[in-house]
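J.: Before anything else, here's the structure in question.
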Amino acid sequence: MRSINPGRVVAFVVLALFSLLMLAPFLWAINTSFKTEVDAGASPVTILPEGGYTWDTYANLFQMGSIPTWMINSLIVATGVTIITLVISALAGYAFSRLDFTGRKVLLGLTVASIMVPGTIFIVPLFDEMLAFNMVDTYWGIILPQVVAPVMVFILKRFFDNIPRELEDAARVDGAGSFRIFLQIVLPLSRPIIAAVAIFTFVGAWNNFLWPYIVTNDPDLMTLPVGLETVSTGFGVVFAENMAKSVLAALPLIVVFLFFQRQIIKGIATTGLGGQ
């Protein structure tokens with residue numbers, strides 16, 4: 001009979017408690033979203049509603065807003081941001097890691113320094129640029145300002161640094177150039193980190209509220225977080241409605257996590273982006 005390791009039992013109990021602690025806000029949001037506004041705003045707060053659970057809040061949101069359209073818009077924007085960010089970040093990371101060119105250290109230093117600059121200070125000049133290029137109320141106006149990700153460039157650069165140069169030297173002997181080496185050797189070896197960067201970029205673009213809110217006025221172009229903010233079924237503080245909006249915004253990301261949880265966990269372990 002296998003002996004029980006007390007240390008493992010304690011670790012399991014602690015992890016289970018932390019898991020419940022992390023899940024509690026989302027479970028509370030789901031529970032509240034199915035209550036009536038009377039039960040959701042009742043005092044003292046109760047877990048089980050006196051009037052029973054109802055789908056009315058979700059039904060009202062779908063009737064008042066174009067939620068399927070907003071979900072599609074969010075998918076288009078998040079996918080576009082992810083693809084372009086990956087291309088730019090991978091190429092820049094490889095250039096900083098492997099290529100020797102004038103001003104390389106200066107550019108790398110500026111890239112790292114820009115990580116510490118708050119993105120909100122660029123809101124006004126970026127909006128002026130979008131106006132000048134007639135990109136307000138367009139997909140490109142939402143996507144392009146989000147594709148510059150210095151932290152992703154630095155993460156990929158650090159990963160590329162650890163790829164043995166002997167593999168590239170052997171390819172150069174066979175006549176391969178830098179771009180061919182990048183495509184056929186570096187990228188295949190970097191699939192774990194690229195998957196992690198892609199997932200974190202997608203989640204960040206999906207959750208982004210401020211920039212899409214500023215640059216879109218057309219309801220048919222709004223992303224899901226922005227669109228949900230524009231609809232309301234009541235006045236004052238509507239607890240059930242706000243919780244239903246949160247659940248709708250988070251639901252697609254939960255699906256992404258369920259499909260890619262192994263890559264996400266590996267990405268957190270590899271990049272240390274758990275707090276992003």
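Note: Cβ is positioned from N, Cα and C throughout, glycine not excepted.
Pulled from TrEMBL, these are the listed features:
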type: DOMAIN; residues: 71-260; note: domain 'ABC transmembrane type-1'
type: TRANSMEM; residues: 70-94; note: transmembrane segment
type: TRANSMEM; residues: 106-127; note: transmembrane segment
type: TRANSMEM; residues: 139-156; note: transmembrane segment
type: TRANSMEM; residues: 234-260; note: transmembrane segment
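Locate each feature and note its surroundings.
T.: Within the chain, the transmembrane segment (70-94) has long-range Cβ neighbours (under 8 A, six or more residues past its boundaries) at 111, 139, 142-144, 146-149, 152-157, 159-160, 182, 186-187, 190, 194, 197-198, 201-202, 205-206, 212, 220-228, 252.
For the transmembrane segment (106-127), same-chain residues at least 6 beyond its ends with a Cβ under 8 Å from one of its own Cβ atoms are 92, 96, 136, 145, 150-151, 153-154, 157, 210-211, 214-215.
For the transmembrane segment (139-156), the residues of the chain that approach it from at least six positions outside its boundaries are 73, 76-77, 80-81, 84-85, 88-90, 92-94, 96, 111-112, 114-115, 122, 126, 130, 190, 193-194, 197, 200-201, 205, 208, 211-212, 215-216, 221, 223, 271, 273, judged by C-beta separation under 8 angstroms.
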